[in-house]
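Beneath this line is the structure, given in structure tokens, with notes to follow.
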Amino acid sequence: MEEEGQQSLECIQANQIFPKKSPVLEEENMQVPFPELHGEFTEYVGRAEDAIIAISNYRLHIKFKESIVNVPLQLIECVEVRDMFQLHVTCKDCKVVRCQFSTFEQCQEWLKRLNAVVRPPSRLEDLFSFAFHAWCMEVYAGEKEQHGELCRPGEHVTSWFKNEVERMGFDTQNAWRISDINSKFRLCPSYPQQLLVPAWITDKELENVAAFRSWKRFPAVVYRHQSTGAVIARCGQPEVSWWGWRNADDEHLVQSIAKACAVDGSSRKHLPNGSYTNGSDPPDTDFESSMTNSSEVETLAIQPSKLLILDARSYAAAVANRAKGGGCECPEYYPNCEVVFMGMANIHSIRKSFQSLRFLCTQMPDPAKYVYSFSSSSTASSRALDSSREKGMSLQIEVTTKAMPCLLEAPGDHCCYGLAQTSVPDLELGPGPARGSLSIGSL
């Protein structure tokens, strides 16, 4: 048994899992021109026309006579040869690096080397962070337990969600509950392990709703306005398709969000000093003690506010998505709800606009066409940003002034702008982007 234990993965050293390789030197007297990180090994070192160039499993390093360029490999978007002897490296953050070579063959060789290493890794373990961590664990073996603690979430992480729920004043006795249905991310990989839902919604219902929503992103509450009690929830698009599928649990959950807001608003709200938010005396009937279970809370005769469903897409895009199994909420099936389409540009339009703008910035300016070209390339980005700000402000008005709960739907390729859309109310409704909402992960 002991021999089997010694042959386990725990006994394998980092240099066996991520072995360092000797660099390929184009000249014998060359050396690696930079100090390597733990787990980093240099693959190639060569000489350009006016620089020393090197590639490791982490970076592209170019040492010019008067400057040094370090570019992480995963930051490189594309590499190409221009004018036969110039290597043109375009980065994802809009930077452009140019390196001149003496011969065409040498330039082509470095082009092949770079194209081979900038491709997305086929395995997750091929990312440099894994090699870096493994070598750090070996180099600092005496501090292994301390490094292990850093890799595990501490109390400040595990209790953060509950602290945010308490800070924003959610009534977790009657209206809301924290669900652990996504423990270990088993239901939805892009949601956190804890989620806030109406108190009377069971985990079984959440599983059914997740099966009906795109990417398993069922409606989950992420923000509550402390004065009005209105909330913001996020979700993926319903998988209605051309057949017009319905899901009773989904319809129940969406309506329950508005109902929970009404219940939350009817319950007692205490300030830190123990007084009531409305400044009046305690009521004769103790609201919380009168609720024996969540089912009784749901059946209370409380008229909820209308729920506003904000769809990041245009109506045409939402209908077109039905052909791919998606779609949008049908107002007849979601009573007391209003569906509004934002008509925001998708990520493909923004990427194309960014690439056009970047291309324009790398060209020699033509005074006769520059202003027109700049306006054309940046129009899509400007419209998207303006639309995001405009819709964010309208969402803020609905939550703060009209006390209307909102469900933000960011399906498919509109996900990035669903996230950008909520950044405005996060900044303006909460004390800060990090504390303004209960993050539900990447939308």
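Even glycines carry a Cβ here, placed using N, Cα and C.
According to TrEMBL, the features are:
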DOMAIN    155-377  domain 'Myotubularin phosphatase'
REGION    269-294  region 'Disordered'
BINDING   N321, R322, A323, K324, N346, I347  substrate binding site
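Distribution of TrEMBL features across the structure.
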residue	record	Cβ within 10 Å
N321	substrate binding site	22
R322	substrate binding site	17
A323	substrate binding site	10
K324	substrate binding site	13
N346	substrate binding site	18
I347	substrate binding site	14
Suppose you look only at the domain 'Myotubularin phosphatase' (155-377); what would the mean pLDDT be?
82
Cα-Cα distance, maximum over N321, R322, A323, K324, N346, I347, record's substrate binders, Å:
20
